[in-house]
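Asks: First, the structure itself, so that you have it in front of you.
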Amino acid sequence: MTTHELWQAVLGELELSLSKANFTTWFRNTFIASQAGTEVCIGVPNAFTKAWLEKKYHRDILNCLQNLTNHTVRVISYRVEARVPAPSMAVPVAAAQEPAYVAAPAQDAAAPVIHANQPQSGEFTLNGKYVFGTFIVGKQNELAHAASQAVAAQPGGVYNPLFIYGGVGLGKTHLIQAVGNELVRKNPNLNVLYVTCERFTNDYISSVRSGQMKQFKDRYRQVDLLLIDDIQFLKGKDGTQEEFFHTFNQLYQSNKQIVITSDRPPKAIPELEQRLISRFECGMMADVGSPDFETRVAILEAKCREKNYALDREILHHVASVVQTNVRELEGALNKLIAFHQFKNIPPTVESVKPILTSFSPNTNKKTLTPRQVIATVAGYFDLNVDDLLGKSREKRLAFPRQIVMYLLREEMKSSYPSIGMELGGRDHTTAMHAYDKICTCLNEDEKLQHDIELIKQKLYAL
Ligand code: ADP
Ligand code: MG
């Protein structure tokens, strides 16, 4: 570990126990000025900070340093030494609007870097079709779209990291890649790395196994733009989270832009370390929701133009009114429809289109739901055991998801209250009624709950 990495790790720890204001005030522009044997000298920007660290935070700093160095460090001294720009802040601070730091820590020049425009293996490659030009903007995605464009215009600026979240098939991968494609277009030499979180995880694990951590670090820490898709896969993977944390810090401190997508907001990702959550939340968070009718029509029109296939307005409207879930389904329905009519060599009409769309209709989907599926999906979403969910415990972490199950059984399946009680481990019908009312009330004001239920429904109907 370099002294820079060591200090970043210390800052990462300290940040957890301090208020943001305190941390920013006292640890901004600090660094390890030198390390010799058991002694570490910490550089601070002014005498005031020096006095304060000596008086107030000495113990904490020493503890952190000792833990991180296996007790090699025994003595700490402080020295006033201005290093500007000093890439030593571990966290994005509220004042992210400040002039950006310019210098990055010295890097190993020999290390390989990934150019987006050079041939790479599948998961590292940007898909050229995901560009801003083909992205249709509607109310439900305009913030995410605007933020992505702002990032492409000024990477490493105020929206760092950019965190885009929302359900499946709503354009997250499209947007994150559009940022990459746009920046590569402007500067073909830029090192852009697009990677799914799964790929990052596998890469990390195999690098650990084969003892190739240096290559791994070089690959991820020396990029100009890191695009991580579907970060929710980090849940519960402690080693990978740790590594990602350091990658994140390193890039962030060098003013490298990071864009992340997830199927839910950071706080709702189970088993994600708090320090990662707070970093993700420090930049810009933007959600994408299901497109409304007008946007669905606009997307269909655009896709038809792309494919050079003409469809009557009436048919477009029909498709848009039947396929409501997400854009991927919408595209799927359109492709199916086009293939069918080309194969039969007949012109599409509203009547000829109808049978093709039955599998996309939410009504037919609803008929096929079973209580078991609802229970399993909710359990999966909250990372719970089905038995626990149906069990007796009234712990909040179980009780609330249980109420969501009851709500969904009523709302989506129109089940009777007594039968809902039965499904939920033999509870009384009044419990089911109460749960339904409670969730309905909460839904009015709780945006997170609205989002959770929206995602759960998407999962249910995607089964
Ligand atoms: P996600 O990553 O959110 O699951 P994707 O980005 O893979 O979704 O989107 C699924 C498909 O829908 C892709 O082919 C994408 O190009 C398309 N798509 C999604 N949103 C839009 C949009 N607003 N305009 C045009 N195409 C879109
Ligand atoms: Mg995706």
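The backbone N, Cα and C atoms fix where each Cβ goes, glycine too.
Remember, predicted model here, so these are calculated numbers, not experimental data.
TrEMBL feature annotations, pasted as is:
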type    : residues               : note
REGION  : 1-110                  : region 'Domain I, interacts with DnaA modulators'
REGION  : 125-341                : region 'Domain III, AAA+ region'
DOMAIN  : 158-290                : domain 'AAA+ ATPase'
BINDING : G169, G171, K172, T173 : ATP binding site
REGION  : 342-463                : region 'Domain IV, binds dsDNA'
DOMAIN  : 370-439                : domain 'Chromosomal replication initiator DnaA C-terminal'
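For the listed features, I'd like the structural context: burial, neighbours, distances.
Replies: Across the residues of the domain 'AAA+ ATPase' (158-290), the predicted structure has a mean pLDDT of 93.
Look at K172 (ATP binding site): DSSP puts it in a helix. All chains included, 25 other C-beta atoms sit within 10 angstroms of the C-beta of K172 (ATP binding site).
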Asks: Count, for each of the binding-site residues G169, G171, the other C-beta atoms lying within 10 angstroms of its own C-beta, and report the residue with the smallest count.
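Replies: Counting other Cβ atoms within 10 Å of each of the binding-site residues G169, G171, the minimum falls on G169.
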Asks: Give me the DSSP three-state residue breakdown of the domain 'AAA+ ATPase' (158-290), ordered helix, strand, coil.
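Replies: The composition, in the requested order, is 69 helix, 26 strand, 38 coil.
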Asks: For a quick check of packing: other C-beta atoms within 10 Å of the C-beta of T173 (ATP binding site), how many?
Replies: 19
Asks: Excluding G169, G171, K172, T173, which residues of the same chain place their Cβ within 8 Å of the centroid of the Cβ atoms of the recorded ATP site?
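Replies: Result: G166, V168, L170, H174, L175, T261, V288, V327, R328.
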